[in-house]
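Right, one structure below, let's go through it.
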Amino acid sequence: MTASTVRHFLRDDDITAAEQREILELALAFRQDRHLHRPFAGPQAVAVIFDKPSTRTRVSFSTGIAELGGYPLVIDSATSQLGRGEPVADTARVLESMVSAIVWRTFGQELIEEMAAHSGKPVVNALTDSFHPCQILADLAAVADARGGVDALAGLTLTYVGDGANNMAHSYLLGGALAGMHVRVGAPAAYQPDPRIVLDATRIAAEQGGSVTVTTDHADAVAGADIIATDTWVSMGDEEQYQERAGVFGAFQVDARTLELAAPGAQVLHCLPAYRGKEITAEVIDGPQSIVWLEAEYRLHAQKALLTWLATR
Ligand code: CP
Ligand code: NVA
């Protein structure tokens, strides 16, 4: 396979709405039967590279690749030549000759795009500064499972509040729009989503019967929402901004009042790790409307579905 024909998953809209649906259906099926497909039997190796810390992504890809019959080759980039400055393109050329897919958690989106441009094997974004598309597949699959199936997604209002400029906000915009949802982002003025991504999401939402709303008003964002999502106010790589961010996001906390404004029975998502008392209260994340543990479990099923789908193109 050549680098020009292989499919990659670098951002949520690298797949069509129909393809997203196919992957989500497969994710729900994998939850019922962990050994449904074994596309990496052999075993074939899959490289899983981390430039940033991880618990869920590391464990879910490792476990998932093993359950798909493959061998997960987990690499901390600090202990690899990539971490010493070996060009991404050279790394891609070497890896593609040995592994069946490359999964990478890194910083700039341009880095993973460069990896993909030089890899004849699928490259999967395991989080960049701009997107976390595997997480959104898991989130959508968890919501679908909790609501009786993938058909339940279209038409739901999904509100994300907090840091509107981070990877989760951008992926909710694109991934939620692709699922035909009404996606709302509530964030302080200085932390609004990238306007180019808002534009892309708005176009996709219009095609899929959904909509996109971006606001600086927490109450407007959450009013009547079916799903409330949030994320840390200080993402990996933003740690030096901790003090300046600390005072900005308080009005966007997901608390009991937020749930009163949302639709009755609204469900709560958080990709984790969570900071109780910051972006979400303990009462909410540990309460009956939270589906965060199902969401975390779906990292495994959704990524197995994605890898199976990519491996069988
Ligand atoms: N949600 C998520 O990606 O978690 P990790 O950083 O632990 O992988
Ligand atoms: N926005 C967070 C997500 C962590 C899974 C970060 O990038 O640190």
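Keep in mind that glycine also has a Cβ here, set from the backbone N, Cα and C atoms.
TrEMBL does not curate its annotations; it predicts them automatically.
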Binding-site annotation, TrEMBL, carbamoyl phosphate: partner of Ser54, Thr55, Arg56, Thr57, Gln81, Arg105, His132, Pro133, Cys134, Gln135, Cys271, Leu272 in Arg21, Arg299, Arg313: Arg299
Of Cys134, Met236 (the binding-site residues), the residue whose Cβ has the fewest other Cβ atoms within 10 Å: Met236
From Asn167, Asp231, Ser235, Met236, the binding-site residues whose CA lies within 10 Å of that of His132 (carbamoyl phosphate binding site): Asn167
Nonlocal neighbours by CB distance (under 8 Å) for Asn167 (L-ornithine binding site), same chain, sequence gap 6 or more: Leu127, Thr128, Asp129, Ser130, Phe131, His132, Ser235
Tally of DSSP helical, extended and coil residues in the domain 'Aspartate/ornithine carbamoyltransferase carbamoyl-P binding' (7-143): 67 helix, 21 strand, 49 coil
